[in-house]
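Quick look at what TrEMBL annotates:
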type: DOMAIN; residues: A:2-77; note: domain 'Carrier'
type: MOD_RES; residues: A:S37; note: O-(pantetheine 4'-phosphoryl)serine
Amino acid sequence: MADTFERVKKIVIDRLDVEESKVTMEASFKDDLEADSLDVVELVMELEDEFDMEISDEEAEKIETVGDAVNYINSIQ
Amino acid sequence: MLHGKTALVTGASRGIGKAIALELARQGAKVAVNFAGNEEKAQEVVDEISELGSEAIKIKANVSQEADVKQMIKEVVGQFGTLDILVNNAGITKDNLLMRMKEEEFDEVIDINLKGVFLCTKGVTRQMMKQKSGRIINIASVVGVSGNPGQANYVAAKAGVIGLTKSTAKELASRNILVNAVAPGFIGTDMTEKLTEEQKDGMLDMIPLSKLGRGEDVAKVVRFLASEDANYITGQTIHVDGGMVM
């Protein structure tokens with residue numbers, strides 16, 4: 001769903017202070033978007049708030065790219 | 001000094017925890033008074049805080065149970081809207097010589113005194129990260145530095161708290177969450193009442209200031225660490241012990 005991607009993208013841009021063009025489905029948080037591990041934890045927390053859901057620690061650990069986050073959210077909703 | 005701030009103090013129904021809750025309230029903070037067993041005592045602390053003109057709530061929770069801790073933090077944030085200061089104070093003793101110490105005695109003390117600090121810290125981190133600020137103050141003990149015969153479990157837990165304080169401080173510094181420990185020495189409380197006269201005399205001999213500390217002595221250092229005056233201090237363990245352990 002494009003909508004989920006757009007919402008995730010907005011949070012990523014705000015949180016990590018990166019250029020919009022860098023935030024693609026394939027972009028890795030750590031490698032491409034220069035997030036440290038704490039940034040990723042924070043990002044997941046914000047996604048939980050944005051999408052009103054709980055992402056377990058086990059699932060959160062699997063989220064490495066923007067696409068992982070989008071797909072996970074879509075699979076739940 | 002702490003007007004507009006909100007605090008959660010674990011094990012706040014008596015002893016050092018009570019002194020801390022009252023001191024933070026005296027400085028204007030709203031305080032959540034956590035207790036495990038003694039609701040009446042916790043209510044007394046809440047009432048005293050009201051008399052001081054601040055706001056308080058009491059919350060029953062066993063800090064070694066994650067579900068309890070989550071519920072407690074939810075309640076605090078629900079009531080106060082924010083959570084600025086966590087004081088991990090809840091603690092128990094089950095003293096025994098190592099040779100005679102039962103596995104349960106070891107586990108219980110580690111669960112409350114060390115795992116409880118981990119669970120509460122983990123629990124508040126989310127809220128504090130959102131706020132982009134926070135203070136976590138862990139009540140350790142100087143015996144966690146010096147060791148003490150008959151307290152292998154307690155000492156292991158308190159030394160663990162000091163290590164946990166340092167790791168947490170490093171992990172959360174970038175989010176403006178400052179984490180420090182206060183290590184009391186020999187403070188006159190219910191916990192030290194359990195010691196024999198012989199043990200007490202022995203301890204007084206080891207204290208350069210030759211007297212017991214008071215809960216307020218610890219509470220005032222906690223208040224300092226919770227305040228804006230301590231903006232550049234993190235990962236430290238401050239001894240409040242009359243010079244007992246240097």
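Along the chain as shown, the residues are counted starting at 1.
Using N, Cα and C of the backbone, Cβ positions are placed for all residues, glycine too.
Just so it is clear, the model here is predicted, and its values are computed rather than measured.
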Check: How many other Cβ atoms sit within 10 Å of the Cβ of A:S37 (O-(pantetheine 4'-phosphoryl)serine)?
Finding: 10
Next item on the list: Pull the DSSP breakdown for the domain 'Carrier' (A:2-77) and write it out as helix, strand, coil residue counts.
Entry: 49 helix, 2 strand, 25 coil
Notebook entry, point to check: Averaged over the domain 'Carrier' (A:2-77), what pLDDT does the prediction give?
Noted result: 92
